[in-house]
């Protein structure tokens, strides 16, 4: 291994591994490739990596093999079970990562799992950072994600040359702190989506032009990033996934250890989407539940 921590990260020497090339992950790793880094990807279906291969990415046949080929391994997958298997499994990343290597999990996952991964990484003389993101597919494409990092501050700083290609990193504290920050973020996003849904549906029921309503309130106290990102999509019934509704249910579920009545209601409404078979639609589709409650198709 040529460049383990603490040697500086450089595109010419630091080998990056990446697992998770879905809606956001593919765009995120594309920025890293464009910055000149040597990148290896792993996917259960390698056909999904064809576009990244044309950009210069190599492929690995297993998480362990990918880790053996990498100095820093990023994961951006679906849920905590995936994270546990990929990081802690017998043929997982930590089984192949050499001393001084670093894992960065950008999945929205459980804070306690992040702490478990951190402890196991340190036992193996490696490092682990939890760094979930906010900003959706637009932020991933544009490289403007908000990244919430937990772990050792020195490691997060060391990672900055590569992380800056994806967005802005804020160090939140020890292992698990990044995940806790993301859960708080999701509480706010979900509540904003529900409020925006009700505002739009009220405008529709009142006979207002919902597009004009959005335009009229966006610069006042009701305006928000959620309105900017999702408002017109919600009016136009465009529920294309930028983040899956079923993942929002998962994220809000992790908030339920604290008394969160608003988040509980948001979770119930988004769960209604999933129950209707719409779990793979975008989170902005929660307005469809409010429309149904009001007899609007």
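Placement of Cβ uses the backbone N, Cα and C atoms for every residue, glycine included.
The annotation active site is assigned in TrEMBL to 182. Here TrEMBL flags 15-173 as domain '6-phosphogluconate dehydrogenase NADP-binding'. Per TrEMBL, domain '3-hydroxyisobutyrate dehydrogenase-like NAD-binding' is recorded for 176-289. If you look up TrEMBL, you'll see 16-43 marked as transmembrane segment.
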Structural state census, the domain '3-hydroxyisobutyrate dehydrogenase-like NAD-binding' (176-289) (DSSP three-state): 79 helix, 2 strand, 33 coil
Number of other Cβ atoms within 10 Å of the Cβ of the residue listed as 'active site' across all protein chains: 27
The domain '6-phosphogluconate dehydrogenase NADP-binding' (15-173) [mean pLDDT, rounded to integer]: 96
